[in-house]
Amino acid sequence: MQLLCWWQVLLWVLGLPAHGLEVAEDSGHPWREERPVPALQVGAVYLHEEEVAQDHRDQARAAEPMEASLGPRGDPMVVLSVVPGAAEDQRSPEAHDGTCSAQGEEDPSCGRENLFGLQGAGGFQDREEEYYAEPGVTEAEPVATEDANSTDSLKSPKVNCEERNVTGLENFTLKILNMSQDLMDFLNPNGSDCTLVLFYTPWCRFSASLAPHFNSLPRAFPTLGFLALDASQHSSLSTRFGTVAVPNILLFQGAKPMARFNHTDRTLETLKIFIFNQTGIEAKKNVVVTQADQMGPLPSTLIKTVDWLLVFSLFFLISFIMYATIRTESIRWLIPGQEQEHAE
């Protein structure tokens, strides 16, 4: 009797799955073809199908504010596969052409994977590259270059010189200061007129070669003043203005030195260029070095004079050598006498 009861229970248990399969076949919806199982996210475990459906509904509600902030969709697909190959297949043909930039330049940001798949909104990195473009990529306009060139050509002079009135003057010559004259007496400390001053020595061959060219400058620039002084006679002025070698040419505005001529080629043309670059005053045309400039007022030949400073230096050196020699001989005579006294 007990065996018969257990047998009926076993048949009833085995009959339930069979009865369910027949009902499913009659309705035309097999269990295995009812609907595909949704893709499981990494790290998520679902125990029942109701939990899966509920989870997808929660994700849809959470995605609605994000989609509203990013803008309208450019593609009906919401989530792409995280596999790069699957994401590239869903992209529009524009991304594969490399011409997504409006300027017609290839933008490397067009070929990146976007995990959100919202092409209408665009990636965050693409926006950053749009707002912060690399410097130097955009070519400068030709108009800006032309403006820069015109600005360089119209530069203001470094020294703003007040040109003197030359009305009624016909003879423009160089003035040479003697030993008793002071340079500051010929410069106006309260004015803005410019004067070119030459420090020279008559026994220097470089000063002599410069003399004809410097003598012709007053005719080329009649509105400027030109002075020359012997550096050996005005040693205090030479030290004051840093004259360590001659010839030395300084441009003064009033009583203030403004520029120094540092070229080794000291000719009339280089002096004209120097004055024009510093003051903006153009030289008169057809001014050349003449035979009169060779004669003076600045001498163009070496003047042979006695250098008394050199004579005094030689006399002092010879006297010191003679005194040292005499003292050395007397010391030699004293040393043997001292040795004899110690021996006794």
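Note: Cβ is positioned from N, Cα and C throughout, glycine not excepted.
Checking the candidates N165, N171 against Swiss-Prot, the annotation N-linked glycosylation site falls on N171.
Just one residue in N262, N277 has N-linked glycosylation site written against it in Swiss-Prot, and it is N277.
When the residues N149, N178 are compared with Swiss-Prot, the one annotated as N-linked glycosylation site is N178. By a simple count of nearby Cβ atoms, those within 10 Å, the most crowded of the glycosylation sites N171, N178, N277 is N277. Along the topological domain 'Cytoplasmic' (327-344), the predicted structure has mean pLDDT 62. Between the C-alpha atoms of N178 (N-linked glycosylation site) and N171 (N-linked glycosylation site), the distance comes to 21 Å. The distance from the Cα of N171 (N-linked glycosylation site) to the Cα of N190 (N-linked glycosylation site) comes to 26 Å. Listed in sequence order, the residues of the same chain lying 6 or more apart from N190 (N-linked glycosylation site) and placing their CB within less than 8 Å of its CB are G254.
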